[in-house]
Amino acid sequence: MPASNDVSSPSLPLTLKFVDVSYRVKMADKNGNTMGRVFGCGAGETSAPAVQERNILHGITGMVSPGEILAILGPSGSGKSTLLNALAGRLQVRFLAGRLQGNGLTGSVLANGRKLTRPVLRRTGFVTQDDVLYPHLTVRETLIFCSLLRLPLSLSKQEKIAVAESVIAELGLGKCQDTIIGNAFIRGVSGGERKRVSIAHEMLINPSLLILDEPTSGLDSTAAHRLVSTMAGLAHKGKTIVTSIHQPSSRVYQTFDSVLLLSEGRCLYYGKGSEAMSYFESIGFTPSFPMNPADFLLDLANGVYQVDNTSEVDKPNMKQTLISSYNTLLAPRVKTACMESTCTKERETMLLSGEGKHSSKTSLLSWCNQLTILLQRNLKERKHETFNALRVFQVITAAMLAGLMWWHSDYRDVQDRLGLLFFISIFWGVFPSFNAVFAFPQERAIFLKERASGMYTLSSYFMARIVGDLPMELILPTIFLTVAYWMAELKPELGAFLLTLLVLLGYVLVSQGLGLALGAAIMDAKQASTIVTVAMLAFVLTGGFYVHKVPSCMAWIKYISTTFYSYRLFINVQYGSGEKIWSLLGCSSHGGARASCRFVEEDVAGQISPAYSIGALLFMFVGYRLLAYLALRRIK
């Protein structure tokens, strides 16, 4: 196995420097007012929308070398996560001529003295604050699937699995490797173990640079210390580690080689962690009693100065004093140190820059391999969701109720049977569309994380999701129809049953596509489910059962209604083109005065042929999924 892919082997050394890093965002006026209106310009004047710029980071400078841990401290909202995203190349990432570009990001972020490039970012592991993992996969399954997707084609499947197993051993996950990840609602591994799985996810590529966003959040002191000790062990193997941390204990603080203290996007201190207290004492800020250095630094960053054990005061202009002291005393030395070039072996620099013979372009997994692996993972994860006891109970109960309500219905009771067929259309229009609405919003965090890591293409992910859903989503409607069809004694022919089943399965896939498209377009499950409710209500009302003669202002809705076409196909399978219904309803061949006769003449036998209905459903099947794919493409 190549050493570069062995987690226990030393990493390619990477010295990370960041000089005068600033980041600003543009914020539109929340009321949508223009600047002219805000300042009372005349009604006839035209002005641009009000846009305010907010500076998140202000000229942050520092560096971290191989084998070191840089801890970024600061209160909530100080810019820690923004700085980490800037260092990882994740702030509005765009590439021009192979170089990283960032809108609103200024300053320099250098790896071994060179600008960040794609190959460098592929050697960077980024652990988010939230553990973004599939809850139903075990620890071992999670890491093996990740290994198969992220590691290069030059490694065999067995070698990739061996890498995953070595990471499991390295991070002490052996005892829980066969336990599911879990989440807030599903019992799984502990919080500390889940965080180590997130780290292991990035360790599979044996990164030169490992960036972690508040890895100890939600952990007790002991678990946090164990996790940071694991990070220290990784640093000792030559990895460059940058982490943000909110409130470390004193023993966790002592693990850090360097500390960067932020307050409102400005730097108050950068240097060795062991020298921080001495520096603040030198500028007149000394704790009156022994305390955790991290607590003292966070108090200063919040503008609070502890006087004694029982009281604290807000010193006037305290933050400005700290900022001025840093800019005068430390900033010049920090910039000088960062501007000095460090010696790096040419071979290592070339490898990190992607100029060596092992360029990452040759290591990308093929599209078919991505699809196969993603499909396997999707089937493993989704089977727990699709076949959970509550969902199966819901479908079987609905089928039993329908079967009992229409128990042994008479073939001549046309109105009753049409009611059953329309009920099936309603149930299997609403049920799959509502379930599908949650698909992409629930996976958005995982999707964005894995796409940012370059694990797969959007098309392979989307196709795996679509193909993987087919068997899962078609079993339950098959069970439903098998129960309800024979209990109600619909047309007692195997051919008629199979045709009805085929129509139902196609209708389910079309309804699912509607939910996927809305979920992907809105990416908010609550809002998307509201839109689905309104859409399905319109489709049901114009479906042809409740109102036979739809008002002209709403008649167009039925031609985009999935219910409209599926209902007519169900009728056609059971009664043919309309002649049988005419005779059973006592209508003449030219219709009749009764509403039911007009319905048969206008809708069943007249306007829409079975071929047209099938074509419309096929068009919707493809169209909704195409819209979902295009909606996913715009997500950054």
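Cβ atoms are placed via backbone N, Cα and C, with glycine included.
These figures come from a predicted structure and were not determined experimentally.
Positions annotated as domain 'ABC transporter' by TrEMBL: 16-289.
As annotated by TrEMBL, transmembrane segment applies to 389-408 (among others).
TrEMBL lists 420-441 (among others) with the feature transmembrane segment. Tertiary neighbourhood of the transmembrane segment (420-441): same-chain residues 395, 398, 402, 405-406, 409, 447, 465, 469, 473, 477, 480-481, 484, 488, 490, 504, 507-509, 511-516, 518-520, 522-525, 528-529, 532, 536, 539-540, 543, 545, 562-563, 566-567, 570-571, 574, 628, 632, selected by CB-CB distance under 8 Å and a gap of 6+ residues from either end.
What TrEMBL records for 462-488 (among others) is transmembrane segment.
Taken from TrEMBL, the feature transmembrane segment applies to 494-518 (among others). Long-range contacts of the transmembrane segment (494-518) within the same chain: residues 424-425, 428-437, 439-440, 469-470, 473-474, 477-478, 481, 485-486, 528, 531-532, 535, 562, 566, 569-570, 573-574, 614, 617-618, 620-621, 623-625, 627-628, 631, each at least 6 residues beyond the stretch ends and with a Cβ under 8 Å from a Cβ of the stretch.
If you look up TrEMBL, you'll see 530-548 (among others) marked as transmembrane segment. Residues of the same chain lying 6 or more positions beyond the ends of the transmembrane segment (530-548) and with a Cβ under 8 Å from any Cβ of it are 418-419, 422, 425-426, 429-430, 433-434, 437, 514-515, 518, 522, 554-555, 557-558, 561-564, 567-568, 595-596, 598-599, 602-603.
Residues 440, 447, 458-459, 462, 466, 506-507, 509-510, 513-514, 516-517, 519-521, 559-560, 562, 565-566, 568-569, 572 of the same chain, all 6+ positions outside the transmembrane segment (611-632), place their C-beta atoms under 8 angstroms from a C-beta of that stretch. Residues or ranges marked as transmembrane segment by TrEMBL: 611-632 (among others).
Confidence annotation: the domain 'ABC transporter' (16-289) carries a mean pLDDT of 84 in the model.
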